[in-house]
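Asks: Here TrEMBL flags 1-15 as signal peptide. Per TrEMBL, the feature NADP(+) binding site maps to Ser32, Arg52, Thr113, Ser179, Arg180, Lys189, Gly217, Leu218, Glu256. Sequence annotations record features per position, and here TrEMBL assigns domain 'Oxidoreductase FAD/NAD(P)-binding' to 108-226.
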Amino acid sequence: MKLLLLSSLLCSASAFSPAFGDGKPHSVRLYSIASSRYGDDMTGNTASLCVRRATYWCEELKADDPAKKGICSNYLCDTAPGAEVKMTGPSGKVMLMPEEDPKTDLIMVATGTGIAPYRGFIRRLFMEETPAREAYAGEAWLFLGVANSDALLYDDEWQEAKANPTANGGKLRLDYALSREATNKKGGKMYIQDKVEEYADEVFTKLDTGAHIYFCGLKGMMPGIQDMLKEVCAGKGIDYDEWLGGLKKNKQWHVEVY
Ligand SMILES: NC(=O)c1ccc[n+]([C@@H]2O[C@H](COP(=O)([O-])OP(=O)(O)OC[C@H]3O[C@@H](n4cnc5c(N)ncnc54)[C@H](OP(=O)(O)O)[C@@H]3O)[C@@H](O)[C@H]2O)c1
């Protein structure tokens, strides 16, 4: 795959899907870059994406309906090594890591392939031999929500990162929300907002002391996240809008969902 762009750390890549049918190119699809500025091979010339092949199960046919499969994801998944892929971007500056203070805690909340940007964060903080890894002294806390343990993404990499704290005591913490294997306190699906709520006191304390919080993945997760945070604020006697406004003003609040 020949990449035509790549500059700043962890922006979105937009892949144009191939021309189809009428010969016109399809619209841009957004993918977050799942590697650091150096790429997995540390050359600075490659980037990784986390792509889920989108298929559509037809109840009538009792089979995948090929007419409704995701065009770009299937194209990317089926692309052979060496093929040229047209790309544009990067776009957006939301999923950037704070670089001023290496003690800053990060709280990374993902659903499914929304894990992509955090893979770049975690490689940079715990796996690549660079001054950034050496300096990091905070806690990077990853919350990942997937359907079940078979659907976990990059678990081997997280375990390796967790086992390798930085020289300055920076460490990775990991919590999974397995929606179809566990239940929340109300007996419903264990969604990512339920997992974060279990640690609400700690999360709020961290945010009070400058942590950055990130959300990436399904757009549909944000209403649940916001309801949960509102409820926690109400329980603590905090004005939710003011609290959120403060986080946004301090650039501690990062959302990339679609
Ligand atoms: N690839 C990238 O670089 C990238 C970057 C940014 C965003 N995204 C977006 O991220 C999304 C990820 O999709 P996916 O197919 O990987 O995820 P998925 O497997 O469909 O879902 C991941 C988890 O989220 C749960 N979930 C479903 N609805 C939820 C809700 N309302 N609140 C909280 N959790 C919920 C699912 O539970 P159940 O299925 O059990 O209900 C499952 O456990 C896509 O929309 C994609 O566009 C991708």
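Note: Cβ is positioned from N, Cα and C throughout, glycine not excepted.
Remember, it's a predicted structure, so these values are computed and weren't measured experimentally.
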Asks: Around Ser32 (NADP(+) binding site), how many other CB atoms lie within 10 A of its CB?
Replies: 26
Asks: Highest CB neighbour count within 10 A among the binding-site residues Thr113, Arg180, Gly217, Glu256?
Replies: Gly217
Asks: State the three-class DSSP label for Ser32 (NADP(+) binding site), counting H, G and I as helix, E and B as strand, and everything else as coil.
Replies: strand
Asks: Sort Glu256 (NADP(+) binding site) into helix, strand or coil using the DSSP assignment.
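Replies: The three-state answer is strand.
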